[in-house]
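Quick look at what TrEMBL annotates:
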type	residues	note
COMPBIAS	1-10	compositional bias 'Acidic residues'
DOMAIN	144-612	domain 'Amino acid permease/ SLC12A'
DOMAIN	654-775	domain 'SLC12A transporter C-terminal'
DOMAIN	786-985	domain 'SLC12A transporter C-terminal'
REGION	1-20	region 'Disordered'
REGION	31-57	region 'Disordered'
REGION	110-132	region 'Disordered'
TRANSMEM	139-160	transmembrane segment
TRANSMEM	175-197	transmembrane segment
TRANSMEM	218-239	transmembrane segment
TRANSMEM	279-298	transmembrane segment
TRANSMEM	305-326	transmembrane segment
TRANSMEM	366-386	transmembrane segment
TRANSMEM	406-427	transmembrane segment
TRANSMEM	442-463	transmembrane segment
TRANSMEM	497-516	transmembrane segment
TRANSMEM	522-541	transmembrane segment
TRANSMEM	562-594	transmembrane segment
Amino acid sequence: MDNGDIEGGEEEFHGIGGRKYRPVVADDRAVLQMSSIDPGSPSTSPLPRNPPPLKNVRVDVDSNMHSDAREGSIPDNVGVNGSQRDSKLELFGFGLVNILGLRSMTGEPILAPSSPTDGGDGENVAISSGRPKPTDVKLGTMMGVFIPCLQNILGIIYYIRFSWIVGMAGIWESLVLVSFCGLCTFLTSISLSAIATNGAMKGGGPYYLIGRALGPEVGVSIGLCFFLGNAIAGAMYVLGAVETFLKAVPAAGIFRETITKVNGTTTAEPIHSISSHDLQIYGIVVTIILCFIVFGGVKMINRVAPAFLIPVLFSVLCIFIGVFLARKDFPKVGITGLSAKTFKDNWAADYQNTNNAGIPDENGKVAWNFNALVGLFFPAVTGIMAGSNRSASLKDTQRSIPIGTLAATLTTTVLYLVSVIFFGALATREKLLTDRLLTATIAWPFPAVVHIGIILSTLGAALQSLTGAPRLLAAIANDDILPVLNYFKVADGNEPYVATLFTAFICAGCVVIGNLDLITPTITMFFLLCYSGVNLSCFLLDLLDAPSWRPRWKFHHWLLSLLGASLCIVIMFLISWLFTVVSLALASLIYYYVSIKGKAGDWGDGFKSAYFQLALRSLRSLGANQVHPKNWYPIPLIFCRPWGKLPENVPCHPKLADFANCMKKKGRGMSIFVSILDGDYYERAEDAKAACKALDTYIDYKRCEGVAEIVVAPNMSEGFRGIVQTMGLGNLKPNIVVMRYPEIWRRENLTEIPATFVGIINDCIVANKAVVIVKGLDEWPNEYQRQFGTIDLYWIVRDGGLMLLLSQLLLTKESFESCKIQVFCIAEEDSDAEGLKADVKKFLYDLRMQAEVIVITMRSWDVRSDGGPQQDESLEAFNAAHQRIADYMAEMKASAVREGTQMMADGKPVVVDEQQVEKFLYTTLKLNSTILRYSRMSAVVLVSLPPPPANHPAYFYMEYMDLLVENVQRLLMVRGYRRDVVTLFT
């Protein structure tokens, strides 16, 4: 059948996922046939009466699939990667969404596009190569989650420590102990179910969940602690297997056993304790063997692991059969059978001192209490993460993980509660405390059943630990957060051999300790830390309730997650405050190391959502009213567009960020770095993105707290006018515009700069924005260049105290902290200079500002001497500026005469009073002369920025400004706005 034909009849196509699809027929009413619309034809062309049929795509089937798979009626625009071909079914020129296009949203790898131009087949497109092969066996809830969790939870503690715990804590406190620990893991399972059903999971288990919820720093710190917990748990399982083997076969011991007499027993029967050296030697040998098995084949371990559970379940059944068959002193002395009297005797607790092997001894150095038993028993309820670790092998993670994990948790908790009652009513307290393998003693038909079950269960759990822990470490390394973990990286599908060796080394080191009771509290701390991280993750996500938080598991609440996290922390401190402090300190050190050395990554974690909601709430609380001067912060808008050209790949003047940092107290505050690209937005959108990324990189490099914004506009003036109107939200709008003074405009003959510069200042005045113009930016000091001298303020007009505040902010920086402030007040000759000086001093005192006040008298324009500026040292600059203005005015007049119109400048009519122009030049000249006379050696000079005169050409204003800044090395021209930024009141 040709590709262009449609399979006739009512045949069904078994498509992706096994669903049945009915082939599309030409007369189907549900089909909108738009293939007649040619891309180059008008959209109004009519549809044909008999549209051509849709093309088919041949489905390439793997050799292990059914050979009789038929061709389907999938449109041929669906390729292996979702690439668009000559689509016959499209909407306004866009192909419809296909399954492979949706797959890209899940983060699955998709092959490179295959198109006829790339040498691919334009007609026959395989859609099976991007899908998982059918030979991959997917696990259900029972085999994928329930059995692994049950195997990890039900382990060594139940067999060789549980009866001893009942004897030490009594039935009552043992029930409380089991319920307490079981509640902790049950609440954690609920949180785990909610997070695990909120999207697809990748490798890493709890590390992946916590990292994506609380951020990479928290995820890596808790993930590494969980890795250590799993590695140390492997040592616990190995020691449990070896101890059971040596108990069952005493002749296998190499060293002499320690004999301990039981105090208070009615018999003189000695108790044999295993030598710690035997535990160390056999434990290291078993660890090495297990390591070789892990190297040999992980797939084999996953297939054999469920078989380890069968002897475990059979041994538990034999234990309960033995409980019901036991009689007084049968099968051993101290066994009473199920007895009410024994139950009553064992109801209360009886904590005793023991030796290192757990045998009661009055002179023993180990003291036991309820808190210590929590640390000893808690590993018996861990293992709830086994299902989430296998998420990649599950058919339906959204269903299997919650049901399987909670079922395993409840099953083992009920088993422990029933066992507490049975063991408490079965044997005397002395027997419970001295027979460490009471479960084997009472097992039916013989103890070897329990011995075999213990050994197989512990070895299976150890294999799971030595298999899962390296994968957890490899998952952390593959996220490329910590460079130091690069040695443990592995490619997809490869075995983490280096991580396995490292895990085996840690396991062997813990085996050398040789004491199970000392290892289990360490494991408890790491597991509790992980569980608290899972609960806090669910708590944060549930409390924030972001739009992306839509878990399929609905039985969760942030109060339950908070209670679970609190229980984890309480249990940690109940066990040992010292171990808790050490574990938290280790996690904190890892967190600090990751935050310093780690690579930044945005995983969409809950903290980002919390910051976002906090920012929204704070923004709403600020309102739109005027900010009180006590709460006023400078939010500078740094105008990065250069006057001229910068070197390539330099997005901003290198000293602008240094100056922006000087406007913040202790670095607190926000700066907005903005630049303008000339052109059309549709044509330069990609250029704007690249420029924004480069500018953001520059801001990070300069360690400045700020954001980058790029605006595309037809020209600089229109772009800035849009920025000054729209930038910011509510009261979080920029309030100061900072830009560099265009010193090069005359040297480079940039005739467009005056109009643009004056237009920006006028826009700021209209928008009620303060303005700071920096002259001498090239010489502005960085944080390491210490300045000496004075910061001189020429306070001419009222600016709301902005100039005073800027001088105080400069003093908070290391580069200016050695400077002193001088405030120069300009007064006319006939004014009361002393009274002005006293008033300014009183004002500065009330503002808590230390500064020296200097009053300078200046002769006004009306009473200036006949000599005029001839006596001034800046005569040459004054005359040159006066001549250029006269030439410019003459050119305007000549142009107006030729065109028969009034004088025009910058596209607007102007009316210039020549006497007023001369007055502005003279006043500017006198101010410049005063600055050079008193502040030539100052560190920085701040002067009030005069507004552009109305009806004066922009060229004239630039001449005024050039005359003002002449020969001043470092100058800030400041113009405030209609708000006070300082206050006298507390």
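In case you wondered, yes, glycine gets a Cβ from its N, Cα and C as well.
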Here the stretch out of 279-298, 305-326, 366-386, 442-463, 522-541 with the most C-beta pairs under 8 Å to the transmembrane segment (406-427) is 366-386
Using a Cβ cut-off of under 8 Å, list the residues of the same chain at least 6 residues beyond the transmembrane segment (522-541) that approach it. 184-185, 187-188, 190-192, 194-195, 198, 206, 209-210, 213-214, 218, 222, 225-226, 228-229, 232-233, 236, 374-375, 378-379, 382, 385, 549, 556, 558, 561-562, 564-565, 568-569, 571-572, 575-576, 579-580, 582-584, 587, 606-607, 609-610
Are the transmembrane segment (218-239) and the transmembrane segment (305-326) close enough to be called in contact, which here means at least 3 C-beta pairs under 8 A that are separated by 6 or more residues? no
Are there residues at least 6 beyond the ends of the transmembrane segment (175-197) whose Cβ is under 8 Å from a Cβ of it, and what are they? 165, 169, 206, 209, 213, 370, 373-374, 377-378, 380-382, 384-385, 388, 391, 397-398, 401-402, 405-406, 409-410, 412-413, 416-417, 420-421, 528, 531, 534-535, 537-539, 541-542, 551-553, 555-556, 560-561, 563-564, 567-568, 571
Looking at 305-326, 442-463, 562-594, which one has the highest count of Cβ pairs under 8 angstroms to the transmembrane segment (139-160)? 442-463
Same chain, outside the transmembrane segment (562-594) by at least 6, Cβ under 8 Å from its Cβ: which residues? 180-181, 183-184, 187-188, 190-191, 216-218, 220-222, 224-225, 370-372, 374-375, 378, 481-482, 521-522, 524-526, 528-529, 531-532, 535-536, 539
By a Cβ-Cβ criterion of under 8 Å, what residues six or more beyond either terminus of the transmembrane segment (366-386) are in contact with it? 145, 148-149, 151-155, 157-158, 161-162, 165, 168-169, 173, 177-178, 180-182, 184-185, 188-189, 192, 205-206, 233, 236, 349, 351-356, 358, 405, 408-409, 412-413, 416, 464, 468, 517, 520-521, 523-524, 527-528, 530, 571, 574-576, 579
Across 279-298, 305-326, 497-516, the most C-beta pairs under 8 Å with the transmembrane segment (442-463) come from 305-326
What is the average pLDDT across the domain 'SLC12A transporter C-terminal' (654-775)? 87
Which residues, given as numbers and ranges, are at least 6 beyond the ends of the transmembrane segment (305-326) yet have a Cβ under 8 Å from it? 143, 147-148, 150-151, 154, 159, 335-338, 415, 422, 426, 439, 442-445, 449-450, 452-454, 456-457, 459-460, 463-464
